[in-house]
Amino acid sequence: MAEKFAEKTFTDPQQIRNFCIIAHIDHGKSTLADRILQLSNVVDARDMRDQYLDNMDIERERGITIKAQNVRLPWIPRTGPYAGEQIVMQMIDTPGHVDFTYEVSRALEACEGAILLVDAAQGIEAQTLANLYLAMENDLEIIPVLNKIDLPAADPEKYSLEIANIIGCEPEDVLRVSGKTGEGVEELLDKVAELIPAPTTDYPDDAPARAMIFDSVYDTYRGVVTYIRMIDGKLTPRQKIKMMSTGAVHELLEIGIVSPTPKKCSGLGPGEVGYLITGVKDVRQSKVGDTVTWAHNGAEEALQGYEEPKPMVYSGLFPISQADFPDLRDALEKLQLNDASLTYEPETSVALGFGFRCGFLGLLHMEITRDRLQREFDLDLISTAPSVNYRVVAEDGSEHRVHNPSDWPAGKLREVYEPIVKTTIIVPSDFVGTTMELCQTKRGQMDGMDYLSEDRVELRYTMPLGEIIFDFFDQLKSRTKGYASLNYEEAGEQLADLVKVDILLQGDPVDAFSAIVHRDNAQWYGNKMTKKLKELIPRQQFEVPVQAAIGSKVIARENIRALRKDVLAKCYGGDISRKRKLLEKQKEGKKRMKNIGSVSVPQEAFVAALSTDEG
């Protein structure tokens, strides 16, 4: 079987090509990966399905890739200097979304080259640019490719020029393929064999093993499956291995390659990508970016390490029925096995009961985590409005880090610092005005703008992260008819005039509705929430004031009118004084009720107030 040569390991590094695909959501990355799998015959025609590498339901449904996947493929180029030779390709499929930049950066570390995939009908997007710059920083060989050339709307001439300007190549070097029809894919694979350098190592074959972890997944039966890229030396089954950052020693139970399904093998040599299983049950034991080496006579220094991904956005997750709290805790633990960047801590709220304060990489990450909790674990959740990490200096000079409005210190504050991000927005030139206006209302400062081509503009702004996480992205899309693309990266912090707005029901604050907002927006937030709650909370037997306040100063108020029984119905005709007596009696009753009555906010009101157009 000539075709199965990729299943033998300890391949000569000269025959190996490690590459990944960088592309924006919907630019056809998974479809191209499907075609590549078919052409190299590693997937039987009958097993083939669309988006073969996207295993999670939510990935297939949203058409996005969340976890990096890797596949080892055999290929015999038909053209170029390596024609007729057996080349083993290792393709690592990366996520394209801004929140998962960390996943991308790890996948890039494991490769020598990258295919830059751009939709021939849309051109390059902001997030693809960010990932492209990451790849260039890692000195990867970039192969530019235009996909979807079979579309009637495709304009390959225009976009080849745009890509050529960005990465500094000739427009004719940009390859043209169609993942759907398979046109040009073989030429692309031949180009990969020709242009992407083979992995190199500075050490002899018998040097201590060093392998970098670029992903880890939790398998219910076998524990944690760790994906690694071998840099130096060899790893074989039944060896004792050590994780260099934690110093933990494990026994290698199984080592293998993924060719699209996991296959055991006799070990991995330099430059190869595969997986290992140690029977450990906790993903945090195999940290992404860590170095694996032999426990005995192992390597001295670790590879280029990774920083831990830091959560940027926080939100409280509460089960709708308190009985689900233990299930929510188990579900979060299981999710954390697969997603090391998710952080959580228990939190209690007077209004919502017990729940967790979770930290996410960004908004999409938050949405997907919530979706997965609801879908995979059947939980009904309320999530509070997202917030970010603030640094607060009190009057006495003490510092606090606050990411939950209920921890906001009372009394006077000397200064408050909020995180800021550098954003890159790519928009068609017709929408530059409205986009700039939107960024200014969100307290953005312009850093510069460039024309990528005559009708596409790149705008660079520094903005507070707190303004972006609410509804910035939705507003940006609606103002630009869906054509804008956004990328952001953190850029430190700045002094800001922020206040905490409390929502009071009958004079008592409801912690779930509190928010930290800029003083200029406090009035708007207060008005919006009081109006919304006035509609959502059912009328009581007595009048209920809904107020928004900063400290003790009320800035907005709405009244929920009392329900009144018609006490005069049984009073036919009769004297006015009789009617007045009944009305006075009713009034007294309402007054007494108002003093002792409490307002119960129905669950739906919480959900509606916190979820709709989170502004």
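Using the three backbone atoms N, Cα and C, a Cβ is placed for every residue, glycine included.
Listed in Swiss-Prot:
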DOMAIN    14-200  domain 'tr-type G'
BINDING   Asp26, His27, Gly28, Lys29, Ser30, Thr31, Asn147, Lys148, Ile149, Asp150  GTP binding site
If you draw a 10 Å sphere around the Cβ of Ile149 (GTP binding site), how many other Cβ atoms fall inside it, taking every protein chain shown into account?
21
Could you tell me which of these binding-site residues, Gly28, Asn147, has the fewest other Cβ atoms within 10 Å of its Cβ?
Gly28
Averaged over the domain 'tr-type G' (14-200), what pLDDT does the prediction give?
73
